[in-house]
Number of protein chains: 2
Amino acid sequence: MRSHYCGDVNESLVGQTVTVAGWMHRRRDHGGVIFIDLRDREGLVQVVCNPEDAESFAVAEKVRSEFVLQIEGEVKPRPAGSENTDLRSGKIELIAKRVEILNSSETPPFPLNEQAEVNEDIRLRHRYIDLRRPEMLQKLRFRSMITRQLRQYLDAKGFLDIETPILTKATPEGARDYLVPSRTHQGEFFALPQSPQLFKQLLMVAGMDRYYQVVRCFRDEDLRADRQPEFTQLDIETSFVEEEELMNLMEEMIRDLFANVLEQALPKPFPRMSYAEAMDRFGSDKPDLRIPLELVEVSDLMKAVDFKVFSGPASDERGRVAALRVPGGNELSRKEIDDYTKYVGIYGAKGLAYIKINDISAGREGLQSPILKFLPDDVVEAILQRTGAQTGDLVFFGADKATIVNEALGALRVKLGHDLNMVEHGWKPLWVVEFPMFEWDDKTQRWYALHHPFTAPRVEDESLLETDPGRCLSRAYDMVLNGTELGGGSMRIHKTELQQKVFRMLGISDEEAAEKFGFLLQALKYGCPPHGGLAFGLDRLAMLMTGSASIRDVMAFPKTQSAACLLTDAPGAVSDEQLKELNIRLRKLPGAEA
Amino acid sequence: MRSHYCGDVNESLVGQTVTVAGWMHRRRDHGGVIFIDLRDREGLVQVVCNPEDAESFAVAEKVRSEFVLQIEGEVKPRPAGSENTDLRSGKIELIAKRVEILNSSETPPFPLNEQAEVNEDIRLRHRYIDLRRPEMLQKLRFRSMITRQLRQYLDAKGFLDIETPILTKATPEGARDYLVPSRTHQGEFFALPQSPQLFKQLLMVAGMDRYYQVVRCFRDEDLRADRQPEFTQLDIETSFVEEEELMNLMEEMIRDLFANVLEQALPKPFPRMSYAEAMDRFGSDKPDLRIPLELVEVSDLMKAVDFKVFSGPASDERGRVAALRVPGGNELSRKEIDDYTKYVGIYGAKGLAYIKINDISAGREGLQSPILKFLPDDVVEAILQRTGAQTGDLVFFGADKATIVNEALGALRVKLGHDLNMVEHGWKPLWVVEFPMFEWDDKTQRWYALHHPFTAPRVEDESLLETDPGRCLSRAYDMVLNGTELGGGSMRIHKTELQQKVFRMLGISDEEAAEKFGFLLQALKYGCPPHGGLAFGLDRLAMLMTGSASIRDVMAFPKTQSAACLLTDAPGAVSDEQLKELNIRLRKLPGAEA
């Protein structure tokens with residue numbers, strides 16, 4: 001139906017007759033001549049319909065925005081001075097010989113030929129039009145290139161692309177599982193996988209050696225933080241390796257990706273940072289290293305001050321007092337500081353103390369702060385010295401449980417970085433390593449796995465598992481890029497006894513473990529090789545690489561934050577007949593009382 | 001952990017020290033020396049543990065089948081006469097310097113180091129061991145190569161790999177849909193897609209131009225015929241093409257695949273056959289052309305015979321009488337013919353008449369048949385001539401509704417081909433084209449779409465849609481290989497009015513169409529390009545190419561015929577708490593009365 005894509009018609013074709021097909025992007029009538037910009041996936045071409053060619057001209061007069069046209073015409077150079085250097089086809093135009101309307105179009109719900117902010121709900125409802133915008137098309141195209149590049153790398157390294165089930169085992173505690181009632185096994189349910197973790201481990205037991213899969217995963221949870229009920233992982237697992245080899249391979253893959261797809265160089269090697277250091281310096285296990293602000297530990301200085309807000313957390317084993325110097329922050333207004341105080345409140349911080357440095361050479365006189373009166377000279381001096389504060393700076397303080405201080409100042413650090421235009425350009429990847437195995441939860445009074453229960457402890461820490469679990473570090477690693485966790489993984493437990501020990505630590509009884517993970521424990525008994533792997537969030541990677549604001553922008557048909565598809569109107573009602581066949585019924589009818 | 005894969009250690013490494021890791025496949029103690037065959041993904045290597053190396057020897061004495069070992073050793077040529085030409089590593093052996101047990105193994109539930117028929121349930125329950133068998137490993141590896149090759153072809157042709165949702169719209173009539181209750185929209189359900197058909201059409205409306213996806217699809221139905229609740233499609237759609245171009249592209253893709261992966265040549269071009277011809281000659285729309293048997297139309301001969309069983313169907317517009325000549329079939333025993341009669345009974349045939357040709361030159365005397373008495377001489381002669389029957393042959397007859405005759409004789413043809421060793425070697429692909437748009441169902445007294453309701457009618461047949469739907473042919477095409485449908489597709493309807501007309505033909509009211517397919521009808525209004533595509537069954541393709549007996553053999557973790565996973569024991573029970581959150585409850589508790 002065409003000899004060339006619109007965007008591919010260029011000066012090399014001058015004098016030839018070509019056929020193009022696409023959408024009527026823009027039309028201008030000028031001096032009795034109709035100019036049509038015809039658009040397809042590859043770009044635009046300008047078509048000239050002269051009144052002398054009565055038949056084509058008559059058709060051209062009828063076309064409206066987004067009509068689908070097939071046009072045959074001769075390629076001619078544009079008249080001198082009318083070239084468009086923004087277009088690949090900008091040096092030529094097509095003199096129409098035949099214009100055919102392949103399909104008409106109603107006026108689209110939002111214009112495609114101008115830059116306009118369109119409400120996202122409308123875009124999602126008419127996604128097939130939204131995706132026509134060159135920006136969106138390029139994002140999906142780019143995503144396709146990313147996946148291809150990653151696959152090529154892994155294929156070349158001997159990884160096998162193996163598919164794992166989507167209809168998997170439901171477990172009584174899988175609170176975030178999507179469930180699927182079984183028709184053949186009435187009263188029983190499948191679950192959609194949150195990840196193929198156990199299947200990929202079983203593939204290692206099976207001797208596949210190197211596995212990958214670009215795989216859909218599902219999580220039924222609050223979608224606040226730009227999450228989607230279904231998302232895509234690049235899932236990887238290997239046998240007979242240790243973390244060093246795997247991490248090197250993985251960062252090479254990502255470097256290759258950026259080099260080939262973006263033509264941008266990432267550092268070699270990626271810097272590494274322990275979890276402890278990341279929390280100390282950035283209050284986060286996924287620090288954005290583009291932001292030149294750091295938390296500074298001042299707990300030791302605050303133990304003895306006569307200010308409970310500081311001395312309390314400073315003296316508490318689980319407390320922390322930290323400072324965050326903001327260069328030039330002196331210029332922040334009262335209102336701005338109030339807003340930041342509210343902001344850290346989201347993370348549980350009860351306040352946000354600060355010192356403004358008006359004149360560093362003037363001693364206490366040069367400082368301005370509601371809390372200054374509580375701090376003796378030597379403490380003030382030590383703070384200034386340790387933070388490196390200069391005239392014009394401001395120093396924020398966080399004092400609370402360490403988890404709260406880290407979350408609050410960590411988030412504040414990022415916000416300040418953006419608000420004050422301090423974010424450096426470029427890509428700042430790093431590996432975060434030496435995660436703790438467990439996290440204590442005060443509310444439920446038990447340990448939780450920081451990664452997942454299949455993560456191996458460091459060999460030298462195995463003895464801490466039972467004696468001092470909080471200090472037991474794991475063989476987990478996260479790849480972080482510009483403050484986003486790109487991927488994470490670990491070396492796995494490959495022996496039954498150790499796996500059982502970890503389950504028990506997590507409050508999973510042997511009985512419960514057998515019911516939920518019996519097949520894994522069984523598999524570990526039959527010659528499981530040492531293995532490890534990781535998973536990358538493909539949506540997030542594509543979002544970062546395309547500079548998108550949301551993962552919704554790199555998905556063809558995303559769902560809204562309430563997990564609905566505005567385009568197809570899913571989820572929807574089903575007939576009682578269908579539910580009957582599945583042996584389920586609704587507890588409460590829509591609109592009815594309980 | 002290793003310098004080489006076991007299978008990769010060969011004579012080029014003689015004199016070097018290598019480290020390998022893998023599973024203890026076989027152990028022999030011979031003349032005080034322990035021989036270990038160590039196995040990994042790439043093959044076996046023979047390791048020699050000499051008693052002089054006391055430490056290694058002591059470890060080697062402890063190892064049992066399927067222990068996971070790391071072995072360092074020196075590569076030496078095998079003693080003359082002890083080479084094994086079946087192994088890539090068969091010219092060398094590894095003299096162990098260090099043997100380390102990385103993990104032990106219980107005795108596996110079935111042996112891996114010998115050819116043994118193992119019950120499939122046991123294989124599935126311990127799939128991680130079953131997949132260690134080199135045969136299974138190779139199948140998965142091969143499947144990985146197939147997908148890669150297909151992707152490479154499509155990538156090179158400018159197809160974009162775009163992901164579509166798994167949580168999609170449930171429709172009140174989706175009887176085969178797996179349903180997923182929504183937590184956020186209580187009382188509503190998602191459905192898992194039977195195919196991404198509508199999404200890929202929307203991608204064409206969006207101007208993606210060329211789309212593909214290797215995508216999981218779901219169908220909740222009887223699994224008798226080697227089907228799986230979840231299966232994988234290579235899904236393809238293109239804009240601005242017509243069937244000729246697309247079919248050429250697709251058969252080139254498949255030819256490329258066979259050439260690159262199997263090093264086998266498929267014919268160029270694939271032969272094409274109309275649906276009508278395929279039914280006439282083979283009683284099937286996916287004829288296995290390797291079998292040199294054909295149905296022969298004899299309805300016209302039977303109209304006037306004094307035998308209701310034949311004359312009835314022969315005179316009925318929807319009836320058919322067909323003959324199937326079996327060369328050498330004269331030797332079939334009474335018992336065998338009875339068995340075939342039972343076999344065609346499965347397909348609804350009420351009997352299986354036949355004539356044995358004992359001596360073609362002897363006229364009626366040379367024939368043997370219970371129905372001979374009903375057939376006048378000229379009819380008998382015409383039958384013999386038309387079927388080309390020879391001495392020693394047998395001719396079967398089918399007489400019934402055409403659908404029953406086709407199904408029964410079509411299946412009999414295939415069975416005879418296999419039973420009598422008539423199946424030719426090699427690959428016999430073909431395209432079946434010119435399908436009818438609709439099929440009439442007597443029971444429900446309505447038309448059904450032979451492909452799906454989005455298939456376009458032939459342009460020249462559009463007017464038949466309302467006047468004579470049974471004669472209206474579609475723009476659908478199926479690719480068939482050795483009697484298996486590899487893929488199928490069509491040019492789609494790209495105009496709203498035509499789509500609505502087809503919906504109405506199928507008994508879908510405008511209201512129902514708006515509810516179920518409103519978003520598609522809407523999308524067609526906004527400049528939908530002419531488009532078409534197809535989908536290949538990847539599991540089936542991999543099964544054919546690996547010569548497997550079932551698609552279960554080319555899936556890592558298949559389900560049983562009752563849609564259960566024996567490995568993980570899915571589906572399973574969930575807590576009432578979980579159901580409560582989803583606003584559903586079981587109608588009937590397991591074991592309880594209704």
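Any Cβ shown, glycine's included, is placed from N, Cα and C.
Automated prediction, rather than curation, is the source of TrEMBL annotations.
These features come from TrEMBL:
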BINDING   B:Glu173, B:Arg219, B:His451, B:Arg492  L-aspartate binding site
BINDING   B:Arg219, B:Asp220, B:Glu221, B:Gln228, B:Glu485, B:Gly537, B:Leu538, B:Asp539, B:Arg540  ATP binding site
DOMAIN    B:140-558  domain 'Aminoacyl-transfer RNA synthetases class-II family profile'
REGION    B:197-200  region 'Aspartate'
SITE      B:His30  site 'Important for tRNA non-discrimination'
SITE      B:Gly81  site 'Important for tRNA non-discrimination'
Nearest recorded site to B:Gly81 (site 'Important for tRNA non-discrimination') by CA-CA distance, among binding-site residues B:Glu221, B:His451, B:Glu485, B:Arg540
B:Arg540
According to DSSP, folded down to helix, strand and coil, what is B:Leu538 (ATP binding site)?
helix
Restricting to the record's ATP-binding residues (B:Arg219, B:Asp220, B:Glu221, B:Gln228, B:Glu485, B:Gly537, B:Leu538, B:Asp539, B:Arg540), give me the longest CA-CA distance in Å as a whole number.
20
Please list, for the region 'Aspartate' (B:197-200), how many residues fall into helix, strand and coil according to DSSP.
4 helix, 0 strand, 0 coil
Rounded to the nearest Å - Cα separation of B:Leu538 (ATP binding site) and B:Arg492 (L-aspartate binding site)
22
Give the residue from the binding-site residues B:His451, B:Arg540 that has the most other Cβ atoms within 10 Å of its Cβ, counting over every protein chain displayed.
B:Arg540
Those recorded positions listed as B:His30, B:Arg219, B:Arg492, and which of them has the most Cβ atoms within 10 Å of its own Cβ:
B:Arg492
Hey, what's the Cβ neighbour count for B:Leu538 (ATP binding site) at 10 Å?
26
How big is the Cα-to-Cα gap, in Å, between B:Arg219 (L-aspartate binding site) and B:Glu485 (ATP binding site)?
17
Which of the recorded positions B:His30, B:His451, B:Arg492 has its Cα closest in space to the Cα of B:Glu221 (ATP binding site)?
B:His451
One of the recorded positions B:His30, B:His451, B:Arg492 has its Cα closest to the Cα of B:Arg540 (ATP binding site), namely B:His451
Please identify, among the binding-site residues B:His451, B:Glu485, B:Arg492, the one with the smallest Cα-Cα distance to B:His30 (site 'Important for tRNA non-discrimination').
B:Glu485
What's the CA to CA span in angstrom from B:Glu485 (ATP binding site) over to B:His451 (L-aspartate binding site)?
13
